[in-house]
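For reference, the structure is listed below as structure tokens.
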Amino acid sequence: MLQNPLPRLQSTLRLDPSKGRKSEINSTRASLSCTPISTWVSPPSTLCSLGLPFRTTASGDRAQQKMTQVYTDIIRERRKAGGKKDSEDMVWNLMSSVYKDGTPVPDVEVAHMMIALLMAGQHSSASTGSWIVLRLASRPDILEELYQEQLRVLGPDLPPLTYESLQRLELHSNVIKETLRLHAPIHSILRAVKSPMPVDGTKYVVPTSHNLLAAPGVPSRMADYFPEPMLWDPHRWEKGGGVNATGVQDEAAEEKVDYGYGLVSKGANSPYLPFGSGRHRCIGEQFAYVQLGTITAALVRALKLRKLDGDKEVPDTDYSSLFSKPLGNPKVAWEKRKPSSKQ
């Protein structure tokens with residue numbers, strides 16, 4: 001039977017202030033056995049998130065300090081210039097923001113919020129981007145439809161992408177929505193029960209000593225809302241397409257609210273939940289669509305994709321990961337398009 005290594009770790013982690021951080025970390029690491037740690041918890045990165053003295057923790061600390069310094073230097077230079085704006089960006093917005101009591105947001109907090117904006121969503125977008133590539137490689141016909149949409153909507157010279165031009169690429173947007181429907185980036189969400197919660201239609205009451213696990217991707221795979229739910233079909237999102245009118249189309253008619261990051265539905269009844277719903281809906285939703293749209297459009301105009309085995313199936317989902325990434329190490333073949341013939 002494995003023993004919990006945390007008591008030993010906690011007793012070991014009383015760092016000696018007379019020693020340098022690096023030497024203390026190295027000596028602490030040398031005194032620990034990696035075997036019980038790696039066996040006790042999977043993945044080992046869970047321990048790194050606790051701030052334990054591993055190599056990745058130290059390098060992460062250095063990176064965070066460097067990024068904080070980069071942003072604080074930018075902020076200080078702007079303040080030295082008298083606050084004269086030569087552009088409008090998020091740094092300026094945060095620099096001029098205040099708390100409810102009128103207290104200005106400190107520069108170091110602005111820097112930390114900018115780091116959060118820079119890093120947030122990178123893993124979820126990478127996961128979704130991987131699924132988009134795999135889906136398009138398994139459906140070259142859809143890939144060609146996307147390419148023809150760009151030629152038709154943007155012109156045969158394929159000018160550089162802009163925010164406005166992305167909004168006109170309807171099928172590109174539908175490919176992203178359909179991929180998110182089947183491959184929601186976050187497959188599990190834990191919530192603590194704060195008050196006794198009766199379960200509708202049963203005699204059960206969930207007590208406050210329990211936690212609940214929600215799987216936001218389940219409703220979008222139900223035939224009640226999406227005919228042939230496991231079929232990847234971007235065209236189902238078109239007007240008059242295959243989406244059940246009691247599902248996602250209801251959200252279009254719901255009241256919208258802007259919490260500061262674009263209009264989103266106030267309701268929480270939609271079966272399409274890759275970004276959550278209601279007040280706690282992901283603030284990066286609009287950015288994610290732009291980011292994924294840019295990646296998809298750039299890939300479509302540059303490459304042809306296909307599965308190496310010619311199979312139309314895609315890998316299963318690796319649910320052992322925090323994000324819903326493809327299982328195994330799938331590979332696709334690519335071929336550069338010929339600019340001269342626009343093929």
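Quick reminder: no glycine exception, Cβ is built from N, Cα and C everywhere.
Curation does not apply to TrEMBL; its annotations are automatic.
Pulled from TrEMBL:
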- 1-13: compositional bias 'Polar residues' (COMPBIAS)
- 1-28: region 'Disordered' (REGION)
- Cys282: heme binding site (BINDING)
- 311-343: region 'Disordered' (REGION)
- 333-343: compositional bias 'Basic and acidic residues' (COMPBIAS)
Short question: which residues 6 or more past the ends of the region 'Disordered' (311-343) have a Cβ under 8 Å from it? 42-43, 123-124, 126-127, 130-131, 133-135, 137-139, 147, 151, 156, 158, 183-188, 217, 232, 301-305
Within 10 angstroms of the C-beta of Cys282 (heme binding site), what count of other C-beta atoms is obtained when all protein chains are considered? 20
Sort the residue listed as 'heme binding site' into helix, strand or coil using the DSSP assignment. coil
May I have the DSSP-based helix, strand and coil counts for the residues of the region 'Disordered' (311-343)? 0 helix, 10 strand, 23 coil
